[in-house]
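As recorded in Swiss-Prot, the features of this protein are as follows:
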BINDING   HIS63, HIS92  heme b binding site
DOMAIN    2-146  domain 'Globin'
MOD_RES   LYS17  N6-succinyllysine
MOD_RES   SER44  phosphoserine
MOD_RES   SER50  phosphoserine
MOD_RES   LYS59  N6-succinyllysine
MOD_RES   ARG104  asymmetric dimethylarginine
Amino acid sequence: GFLSAEEKGLVNGLWSKVNVDEVGGEALGRLLVVYPWTQRFFQSFGDLSSADAIMSNAKVKAHGKKVLNSFSDGLKNIDDLKGAFAKLSELHCDKLHVDPENFRLLGNVLVCVLAHHFGHEFNPQVQAAFQKVVAGVASALAHRYH
């Protein structure tokens, strides 16, 4: 696997304390605020006219929750991310034509949100392990492009 046993321990230890539903909504919301061009995939979501509108948008929260629950499931199959995300890769790449760069952006936003929520606990070692994970997930989701 691409993570050492120690790194897996750090990731799982922190992840067990994450409120997946809440963090998912915040991460997706921040993605849409910070990288506004990603909003074009969410035109059916209603009001995305301001940061406040986006962060309180129920559809954004619901999809963010869905996204992070999938990420959570993926963590259980950390040594086979390609397999874990094959169906989602197909959906996002072949059907929705999402630029794989967006998966990387969301991963980086997720790292920011975790740092914000966990403060000192999200130390450099934990961040390094999570950066590997989000890069691995982004790469698995982009798999259909290669």
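Glycine too: its Cβ is placed from the backbone N, Cα and C atoms.
Locations of recorded Swiss-Prot features on the structure.
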residue : record                      : Cβ contacts under 8 Å, 6 or more apart
LYS17   : N6-succinyllysine           : PHE118
SER44   : phosphoserine               : LYS59
SER50   : phosphoserine               : none
HIS63   : heme b binding site         : LEU28, PHE42, PHE45
ARG104  : asymmetric dimethylarginine : VAL134, ALA135, ALA138
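Around the Cβ of LYS59 (N6-succinyllysine), a 10 Å sphere holds 14 further Cβ atoms from the protein chains shown. Counting residue by residue with DSSP, the domain 'Globin' (2-146) contains 119 helix, 0 strand, 26 coil.
In this model, the domain 'Globin' (2-146) carries an average pLDDT of 88.
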